[in-house]
Every structure is written in C-alpha cells, then in structure tokens.
Amino acid sequence: MRRPAAPTLDGPRAERWRAAAAPWWALRIALLLGWVSACAVAVITDRTSCTPLDPGVCGPDLPFAVSIVVLVATPVLVWWLPLAGCASGILFAVLDLIYDDLRAAHLAFAAHALLCAGIAAWLVVAHRRQAAIVAEVAGTVRLDPALTERLRPGMPGWGARTLCAVLLLIAGIGGLTWYAHRTGQVTRHEAAAVRMDAVVRTADQAEDEIVVEVPRPVRVAVLDSYEPGQVVPVLVDGSWVHLVAEPADVTGWLSAGLGAFALAALLLVREQRMRVARRRLLSGPLPAVELTAEPDDQGRAVLRDGLAVVPVMSAPLRLARPHLTGEEVEWADGWPAEPAEDFGRDWRGPGHRGEPPVVTVAGDLRAGGWVLLLTDSVVLLPEAPVRIPRRRPEPADALPGEPVPVPAGGDGPDLPVVLRPRARDRLLGALSLLGFAAGPAVVLVGLPDDWWQTVVALWFGGFLTYSGWSRLTSRVALTRDGLVVHAGLRIHRVPWQRLHGVRADDEGLWLAWEPDVAVQVSRLPDRAGAMMMRLRELALAAGGPGGPANSRLGGGPAVLAGYVLVALAAVWWGRR
C-alpha cells in the first residue's frame, strides 16, 4: 500500500488551528466548577424541614427523581460529549425552574445554564474556524476501493461498550422493577397503618436514625434532626414504622434505573458514532493534509508535536511496536514477515526513537472531529474523536534497556537450564502467598466493620496471592528446542528461531519473539540473556525451521479462582 499524498499543514497554520480551539479550562474547569457551585448553592440555601402538617416536603418527589438523572449526567456528558453536556445543563435549569420552589437554586442553575449556552456557542464557532483553516490547504483523497473492501471485514463489531450497555440496560430494568415492587409494598403498608404518637428515646445524628417506642423500641431512618424525649407522629403496620413527617421514599430506585438507562444510551451513542464515522471515512472523498505523527504511551497517535491526539486502532496491520504485555498475538492477526523482521532488528539494535513519520490525516480535522491516518503500511481507524491535549503527551518510550550482544564463540551451555530469580525473591513470594489465607481470615474474625473494609481486606489478600504466585513460579527454562517462559498467569513456549532478542535494564531482562510479543523477566542477570542469545545464534546457524511460538494459561488463574471461592465463603460464614 502506498500512502496517498496531500498538502502539508504548515507551522503557522497549525498554530492558528490550535489557537482557534476552545481552551481546555472552558470545559474542564469553568463548566464543572459552575455545576458544583450551583449544586452547593441549592443544598446550602435549602432551609425546608420535615413536618407532619405537609408530609410532601420530605416525601417522594417523582419530578426530582427524574431530574436528578439529568443533573448527574451533566458533568459526565461534559467530559465525553461537551455539546450534549451543555444541553443537559440547560435542560436541568429549565426543570428546576418548573418544579423547584427555591429561588436561590433557580438563580444558581440559571447562571450555570447561561454559562453552558455561552461555551456551547464558543465550541461551535471554534470547530468552524478550525475546519476553515484546514480547508485553506487541504487536498482530497479517496481510499482505493480494493483496500476499502479489505478493511470493512476487519472492522470490529460491537465491542466492550455494547456489552457494558447491555449490562446497564439489565440493571436499569431491575431497578425499575424493584421500584415498582417497593412502591406497591409502601402503598399497602400505608393503607393498613395506624397513626399514633411515639416518643424519641435516642437520636443518632451521625447514622441519621432514631429509636422510637411504639410501644417496643424500633429504629427508624430519618432525614431531619430530632431530640430525645420529642413526641413525633408515626405510622405503624406491624414491624413497619415510619414518621408521618417523613413518608417512605423509594424513588431512589427509580433514579438508579433511569440513570442506568441513560448511561447505557450514552455508551451506545458513543459506539454508534464511532461506527458511523468509520463508515463515512471509508467511503467518498475526504479532505486531507500531511502531518507528522508518533504513538504515545497510551496507544494514541500524537499529531505534530502535541497539536492533537487521535485514539486509533490499526487495520488490517498493527503498529510496528511491541505490546510489552506478554499477550499472545497470532500470525492470523495480519502481521506479514517484513514488519516482524523490522521489529526484530529494532529490538536487537539501539532502540532509540527516530524522527516521527509523516502521515496523511484524512477527514474532519478539528476538535471533536473524526479522522483516519494513512501510512505506507497501515490504515489507522479512529476509536474516538480528535482531542486537543492540555499539554504535549509524552511519546512512547524507546525500547527498554540495552540489547544483550551475542557472546563470541564457544558452545552453548549444557541443557536443560532453569533460570530462577534470587532465593530472597522466591522467599518473598512464598510469604506473599500467605495472603491467600490472611484476607479471608481477617473477614472471619470480624475485623472489618463495613462492607468497604471487607472489600479492601479481600482485595489486598488477592493482590498478595497474585504477587506471591508470580514471584514464586517465575522462571525461564532453556531447552534444545527453545525457551519456556513462566511469566505471571501465562506460560510461553518459544522456539529459538522465533526469538527476536534479549534486552537488559536495571530490573532484569526483556525477551521478545515473533511477531511482536515482549515480556519482562525480572531479577535475572545479564549473563542469562547472553546465554539465550548464544543458543539463538546456534539454532539459526543449524538452519532448523523451528515452529510457531505459543502461549497458554498456567496455574495462576486456578489459584486466583480458588482465592475468590475462599473469600466468598468467608464473607458468607461471617454474615451468619
């Protein structure tokens, strides 16, 4: 594939393009601070108190239960979809004006709505200015139809956002169903309840509950403040007791269900926008300019010294960079031999970054627009819109450490050889494995007072278990056919012919093999890396074909699954 040429977006125009954008503080600070300030004013100035003369003051409020979803959605939308966030802020101000009686809240949210409207207009104007600057020099490119047809099947289907949206929809249905069930229960209790006066025996302001005698002592959750000895009217239906001034309110389940629906809709809209944008970019002519681009540590493409960032995925080829995760990458993923060989040469070389390459940026190049990047070997499709960073992102680091050279002459070591970390590291791993029992034991003896303390204790026990297992089982076995790497939860088998090379840094060794898998093996000396490079050299000289590298799960997942079962059993036993 040859990259289509396009005019260059020169330095002065690039600076004008960046200056035309709305500043980051308009969204990240001004709108969010305005939202927080309006909420604070509404809460602080609300002096209403619960009274049995008007139970509706502290009772269920359906308009508020719906409006609170819009209120909470505003900062989320401001972060993800700024214009939609501005619209949400304006909508809540209108709802507050209609349903709220508090004048101070009216003024606070009206001021926030005006701020939203002003920044929304600013964003629209900024987008148009940026598009006009690009149009001054942009050429037109159209992807080759054969390449387009090759790309379409490789585009991923509905992804993790869709799965999360489906789970949220299920949660939303559950929330609304439970709200309807609880509403029916409250209605039946209120119909059967008897009104009587009760004396407050104790009041716990910290826990927001009081103890009343009806005539037996009963704990009742409250919103307002009450004093011991105070007489309050209550509704009693068996064990069901509520203050007349504070009717039972289950609208929180309604808000939770609607909130889950709103978040699911947001995820689906974001996913659909990405899919529509990709289809549009793959069809029809596109305005295009040339810019330099390089990856950062988060896998995004950084355009022209931090001018903008584009979260991307590559199709049908991958970026020629190591994943540095140890994950297995099949050859079927689209790696031809040439990029794999280039990566291998880079891995065995100095590993320093060169000048960033020039790419063709095609599409709507503005903040919030969608673009694709074209190089001679890859087509980078967007996963999110163009974003202007507050500060220049750090480019992806050079390859780790320094290459381990092949030792001169001599035969290889007697095989097999098993390389392990130092004895004290293995001892530390064995001690860390005690977390398998320590976390559940802490729960069983009742040390955690709340659910979140239980979660923290069990999480820390799981962390110790994983860390201990990794340290205790970490090793590299050298055989005549290749090496076997026990790293974390996986076991990798790599023929010597597939090994790219070994690099060393202060933490230990980095191993890389075809196509671009790289793992860190901590606390092994450089001489172990030299031994591997010598065995690789001998295998290549022998001319054997080798075989594909492969990876499988080790015993770690079973250990973690066992820990989860023990932790759940400890929680269940402790609740008995």
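A Cβ is built for glycine as well, from the same backbone N, Cα and C atoms used for every other residue.
TrEMBL does not curate its annotations; it predicts them automatically.
Under the heading transmembrane segment, TrEMBL lists 21-44, 64-95, 107-125, 160-180, 250-269, 427-445, 451-469, 553-573. Here TrEMBL flags 390-413 as region 'Disordered'.
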Query: Where else in the chain does the transmembrane segment (21-44) make close Cβ contacts, counting only residues six or more beyond its ends and a cut-off under 8 Å?
result: 71, 74-75, 78-79, 82, 85-86, 89, 96, 100, 102, 104-105, 107-109, 111-112, 115-116, 119, 122-123, 126, 130, 367, 388, 390
- prompt: Are there 3 or more C-beta pairs under 8 Å linking the transmembrane segment (64-95) with the transmembrane segment (250-269), counting only pairs at least 6 apart in sequence?
  reply: yes
Residues from the same chain, set at least six apart from the ends of the transmembrane segment (107-125), whose C-beta lies under 8 A from its own: 22, 26-27, 30-31, 34-35, 37-38, 41-42, 82-83, 85-87, 89-90, 92-94, 96-97, 367-368
